[in-house]
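Peer 1: One structure follows; several queries about it will come next.
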Amino acid sequence: MSNKEVKAALKSARDAIKNKEYKEALKHCKAVLKQEKNNYNAWVFIGLAAAELEQPDQAKGAYKKAIELEPNQLLAWQGLANLYEKPNQIDVKGDLADVYQKLLELYESGDKQKWCDVCNKLVELYHQERKYLEVAETWQKLIRRKQEEGAEKAELHQLWKKMIQLLKDSTRNQDNKTGQLLLTAFEHALDSADAVPGEDHQNLYKDFIQCLSKFPHEVARLEKACHDMMALYPNMSYPLEVLCLHFVNSGILSEKALQCFSRLLEMDASSGPGIIGFGIKCLKEKKYKEAVKSLTEGLQKTNQCPAAWYYLAEAQMKIHEHRNAVLSCNQALEALGTPEGPNLQWKNLVLQLKAETLIKIADADAAEEAIKALEQMIDASSDPVVSALRGQAYLNKGVMDQASKISQELLLSHPDLAEAHALEGFIHYSQKSYEQAEKSFLNAIERKAGTAEYHQYLGLTYWFMSDETKKDKGKALTQFLKAAKLDSYLGSAFYYLGNYYRDIAGDKSRARGCYKKAFELDEIDEESGAAAVNLSVELGDMDTALSILNEVTEKARPGTAKWAWLHRGLYYLRIGQPSQAVADLQAALRADPKDSNCWESLGEAYLNRGSYSTALKSFRKASELNPGLVYSVYRAAALEQILGKYENAIATYQQILKKTENYVPALKG
């Protein structure tokens, strides 16, 4: 085949392809290759025809052969790109990216439009594969090229915005380089914006600040962006809100942070981050109830703030709302998700606080949960304070040997740690080894005098050690007073002060004040509530007694607060208001249906109201529950007599006289 014939055969192949006669084209090409096996165009035409005949492997082989022969010729590369772009081609994205890269190289000094088209395709491909760094670097090349060509500011602005759009999902698993390229794109987009200030520019700024807030190491840049946006848009609260949340999450309450909280609340009194900031300020100022109120309100508006949940739990812990504090810790852990970096530190803080709170609840289930929380802490096994908490949790769970082992190890490794001595004290106290407990708590106080719990337990140790230490003003009383002074929310300190003033000092008025305070701090502390009521009655102050009882019964759910219903029912019985007494005593029985004394009192109330049949049933119920209640048996007999059931009445009187021969009311009956 002569040169002329080769050219003619290639022309015939080209014409056949044009006419979609692909098999014909293949024949011509093969004829050429018999003569010239390295003919570039023949291989390219084979690739084209085979691709159209759905023979991708043959097409790919042909294009690759052509590329091998002429690596810097466009045709084969273009053909290979078209082949890989077909929808039936799978697992070729990596190869296609390489082809696009080569095409960019070949178009570099030639066709600008085609270079841009291929660049767009390559970026799209990288984006589908979530190769965000390659997306960023390739798109930047496109922007640079446009800049060199002298593109208008508006076109460049759109290109930077497109880059932001392409990279916006990359912040989750961000490598630092991609992150920096994204932030640079934001800065260029903001600089190239036309209408400043304007709505588009404002939204772009918001997105920039939101993006910056996801980068823990870009604090300075975040603060600058927020201040710059505030200067441009002084009536917008958004940058201030982000800045406030940044300060909250940083855990540092600087003067700058306080100013930021105040400024935000001046601008928008209902702003979640502003209210949260104010709550943290209250917490630091030891205004715990205000802190709980503000943090709760702020978190209703901005609930995905783990640090704020932690601060709320801390404030709740301070006022001994332990169960609420555990719930807040759980919310913090949920908001943290799977934490990394600074959030890992927050997770440890939350888990430790949760464990401390569960230990204060002091039951076996809470102790088990506390142990689990401590196990979830990262790199905390060597922390002696965490070990002491673990020891307390085992003690509450009743695993004494484990608690003792931790205590002994801590005292050897950290003899100056207050928590180590306190743990030893808790163990001795639980075993009623009061003299050893005294030494341990004194050692703990010597190392950390400002802990109310240590003084409270030392006071309890003296209270139960002996009558002498209980009565000694310098012992139990002094420690309870110190505990109450250090922690004005510690209800149990006020309860024992009440016990001291009532039982030792004989000062009913002061005792009543202490019990009342203890009950105000802990409304489920029935002993304090009942003691405050009883002392008020003894002091002739029925108004105070009733105000306490009314407050409890108003809040009580059905089947609860038996003591308050019973006290008030007996009061109404005493002052001759049987109908009200019946209602209250029934409520008391809903809480405890097996209280024989309560049934007896209910019988008395029905009797005073003139409801004899119901009174009879109540007295019978009382004597069934407790056959030793002679008065109830007698009352039942008396009512049977009134109701004309004489035989029953006689039998019941005789039953009483068998047990108690000289029971005068029965003899009379």
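Yeah, the Cβs are placed from backbone N, Cα and C, and that goes for glycine too.
A TrEMBL annotation is a machine prediction, not a hand-curated record.
Given the structure is predicted, the values throughout are model-derived calculations rather than measurements.
Below are the features I grabbed from TrEMBL:
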| type | residues | note |
| --- | --- | --- |
| COILED | 3-39 | coiled coil |
| REPEAT | 40-73 | repeat 'TPR' |
| REPEAT | 562-595 | repeat 'TPR' |
| REPEAT | 596-629 | repeat 'TPR' |
Peer 1: Report, as numbers and ranges, which residues of the same chain sit near the repeat 'TPR' (596-629): CB under 8 Å and 6 or more residues beyond its ends.
Peer 2: 562, 566, 569-570, 572-573, 576, 578-579, 581-582, 585-586, 588-589, 635-636, 639-640, 642-643
Peer 1: Six or more residues beyond either end and a Cβ under 8 Å away: which residues meet both conditions relative to the repeat 'TPR' (40-73)?
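Peer 2: Tertiary neighbours of the repeat 'TPR' (40-73) are 10, 13-14, 16-17, 20, 22-23, 25-26, 28-30, 32-33, 79-80, 82-83, 86, 88-89, 106.
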Peer 1: Need one number: mean pLDDT over the repeat 'TPR' (596-629).
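Peer 2: The average pLDDT of the model in the repeat 'TPR' (596-629) works out to 88.
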Peer 1: Within the same chain, where does the repeat 'TPR' (562-595) have neighbours whose Cβ lies under 8 angstroms from its own Cβ atoms, ignoring anything closer than 6 residues to its ends? I mean 6 or more beyond.
Peer 2: 526, 529-530, 533, 537, 542, 545-546, 548-550, 552-553, 556, 601-602, 604-606, 608-609, 611, 625
Peer 1: When the repeat 'TPR' (40-73) is classified with DSSP, how many of its residues are helical, how many are strand and how many are coil?
Peer 2: 27 helix, 0 strand, 7 coil
